[in-house]
């Protein structure tokens, strides 16, 4: 009897786990394994392409992750950020420094040879973002596919992208508008701090914050001196600085320790710790603060990425499968 009860408990746990995974991996018409018959090599082709480019330029990893994020927040995850032309999303201020377009173009070219007209650019981008995280030392996750590509790309619609000066309320609202909650906000921001940013996006915090003539008081004093040496008041605004101090090329959870220690680079990031009790509590849970239910960053990041990758996707007869990712058919 005890053995039967044990095996029943194990089976129930397994079924609940599978049900949870299925619910997470399917959304709005996408599913894991969508191309299993029509293009079975899709994941291996994208993976090898990302690895090849990463081996010669590690900056493509954060570039691809950020590109996927920026794509999903405008017109949904439909590859619209990849389209060339005047006044397209690519030309908008928040997207000017994105990197990795050549990786998507390379993978698309190979997939058009292997499976002509089958795999969308939006799906290639979603897969490439996952593979980039793995190469940077982060977790993998099952990527639901089946997205179709959008036909519209407008720079004017990028205003709802999260901004580096956004208040916590604004950040929460922008994520909520996409069906993402406060935990998703903290988790996704934490994962998108691999790589670098330019001095021009945070230098105002170092010298004349809110026109006071002083630095942002939330910056650690010793760290402030470091940042001022990297980004002088009259220096080159395009100089790059790591977003996650001490761990800019690795995917890990050190970002949350940096927030606690006043070492957040962007104003919007540091506010997750200083300006809101709910976002701070999620940072603390990732830090394993005593008395709070802990969260495993690697696990939760994959879940939040799957949620984000299903934002306003186009499936079925909606959208198209672009033959060239930078141009509408």
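These residue numbers are counts, starting from 1, taken along the chain as shown.
Just so you know, glycine gets a Cβ as well, placed from its N, Cα and C.
All TrEMBL annotations are machine predictions without curation.
Fair warning: this is a prediction, and the values are worked out from it, not measured in the lab.
So that you can see what the record holds, here are the features copied from TrEMBL:
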{"type": "ACT_SITE", "residues": "70", "note": "active site, proton acceptor"}
{"type": "BINDING", "residues": "71, 74, 76, 78, 80, 89", "note": "Ca(2+) 1 binding site"}
{"type": "BINDING", "residues": "193, 244, 252", "note": "Ca(2+) 2 binding site"}
{"type": "DISULFID", "residues": "39-115", "note": "disulfide bond"}
{"type": "DISULFID", "residues": "72-77", "note": "disulfide bond"}
{"type": "DISULFID", "residues": "121-325", "note": "disulfide bond"}
{"type": "DISULFID", "residues": "199-231", "note": "disulfide bond"}
{"type": "DOMAIN", "residues": "29-329", "note": "domain 'Plant heme peroxidase family profile'"}
{"type": "SIGNAL", "residues": "1-27", "note": "signal peptide"}
{"type": "SITE", "residues": "66", "note": "site 'Transition state stabilizer'"}
Give, as a single whole number between 0 and 100, the mean pLDDT over the domain 'Plant heme peroxidase family profile' (29-329).
95
Here's one to test understanding: among the binding-site residues 76, 80, 244, whose C-alpha is closest in space to the C-alpha of residue 199 (disulfide bond)?
244
Write down the Cα-Cα distance for residue 39 (disulfide bond) and residue 89 (Ca(2+) 1 binding site), rounded and given in Å.
29
Work through the recorded positions one by one (70, 71, 121) and point out the residue whose CB has the fewest other CB atoms within 10 angstroms.
70
Check: same-chain CB within 8 A of Ca(2+) 2 site center, minus 193, 244, 252:
190, 191, 194, 243, 247, 248, 250, 251, 253, 254, 255, 258
List the recorded positions among 74, 121, 325 whose C-alpha is within 10 Å of the C-alpha of residue 115 (disulfide bond), in sequence order, or say none.
none
Spatially closest candidate among 39, 78, 193, the listed recorded positions, to residue 72 (disulfide bond) (Cα to Cα):
78
Which of the listed disulfide-bonded residues (39, 77, 231, 325) has the least company, meaning the fewest other Cβ atoms within 10 Å of its Cβ?
39
Within 10 Å of the Cβ of residue 252 (Ca(2+) 2 binding site), how many other Cβ atoms are there?
19
Nearest of the disulfide-bonded residues (77, 121, 325) to residue 252 (Ca(2+) 2 binding site), judged by Cα-Cα distance:
77
Looking only at 72, 74, 115, 199, the recorded positions on record, which one has the least crowded Cβ, with the fewest other Cβ atoms within 10 Å?
115
Which of the recorded positions 66, 193, 231, 244 has its Cα nearest to the Cα of residue 78 (Ca(2+) 1 binding site)?
66
Neighbourhood of residue 80 (Ca(2+) 1 binding site) by C-beta distance under 8 A, where only residues 6 or more apart in the same chain count:
71, 74, 88, 89, 149, 150, 152, 153
Can you give me the same-chain residues 6 or more apart in sequence from residue 244 (Ca(2+) 2 binding site) with a CB-CB distance under 8 Å?
193, 194, 252, 254, 255, 258, 265
Those recorded positions of 70, 121, 231, 325 having Cα within 10 angstroms of residue 76 (Ca(2+) 1 binding site):
70
